[in-house]
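Only one structure is covered here, and it is reproduced in the block below.
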Amino acid sequence: MEAHNVSAPFNFSLPPGFGHRATDTALSVILVVMLLLIMLSLGCTMEFSKIKAHFWKPKGVIIAIVAQYGIMPLSAFLLGKVFHLTSIEALAILICGCSPGGNLSNLFTLAMKGDMNLSIVMTTCSSFTALGMMPLLLYIYSKGIYDGDLKDKVPYKGIMLSLVMVLIPCAIGIFLKSKRPHYVPYVLKAGMIITFSLSVAVTVLSVINVGNSIMFVMTPHLLATSSLMPFTGFLMGYILSALFRLNPSCRRTISMETGFQNVQLCSTILNVTFPPEVIGPLFFFPLLYMIFQLAEGLLFIIIFRCYLKIKPQKDQTKITYKAAATEDATPAALEKGTHNGNNPPTQPGLSPNGLNSGQMAN
């Protein structure tokens, strides 16, 4: 379907001056500062030797790339068919599905106690791979949805900029950990406090900028699609890595990397490809998708943290039981003079080789 033959649904129009207001500029600057701080903090948790190991044995990276560019685009395409979405709706979802992994995956991997070295390597490789995979996937899956040429709309400069904003602060963090480790706790604490404060500012500015415009994309089928896509990524990423027998830490990492998409790139493509009168409220679909990414990611973190609190209690019960059994046996052994102070007492009357004292005497 040609873009110029499609009209914006709901007679939608963007807020006046959208994208050029002072609040828009402030939001963009804050998001950049947040990303740099997060990547710097995450770099302080990484080790160069472990990063190099993931390149020498790239099993986890390959699985993640397959999950990212195999599962997510196919899921987006199938969901568009299942929910009978319009051409523009299906295209907006497909662009999100073909985007590389987002930087939020690194932060959520840290919260899920995943492999941070693998996470950063995966994000970097995913972005590099996007330079070729995004135009190819958009060309393949958009056939029958959109008659225009999407492969020329891929924001290559945006992808390269996102790589720079990941690699440079991470490299600084790795340097600090290896050469100035005494600074690392201060960097992590300051980064956490500043990031939390900026998150509040981002929330307030986003509400001011978008207002009630996002309500236009909260239709039942778009809500269902934007909730199922990240969930599918989280679930299938974990299952795929489990099938290849990766350790639990790597499974959680690949799960987060697969489920989180770079919605900023999706917004850029939609903005470049379609004028507002064509894309209409679907301009805000990436924001809706990001909300569900965050909500589902936080839900998985809560479930995982609850699991960690329950699991040690079971282990502690076993330890306490064994300790109690040893304590009950010790007084009796002391009375008989058979306790040596280190090992649990043996059965009375038996020597270590299984013969009683009478048999030994004979």
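Here, residue 1 is simply the first one shown, and the rest follow in order.
Cβ atoms are placed via backbone N, Cα and C, with glycine included.
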Site from N11, N271 that Swiss-Prot describes as N-linked glycosylation site, others unannotated there: N11
Y156 vs R180, same side of the membrane according to Swiss-Prot: no
Stretch contact, the transmembrane segment (157-179) with the transmembrane segment (281-311), Cβ-Cβ under 8 Å, 3+ pairs: no
Stretch of maximal Cβ-Cβ contact with the transmembrane segment (220-243) [cut-off: under 8 Å; candidates 48-83, 87-112, 281-311]: 48-83
Number of helical, extended and coil residues in the topological domain 'Cytoplasmic' (180-183), per DSSP: 3 helix, 0 strand, 1 coil
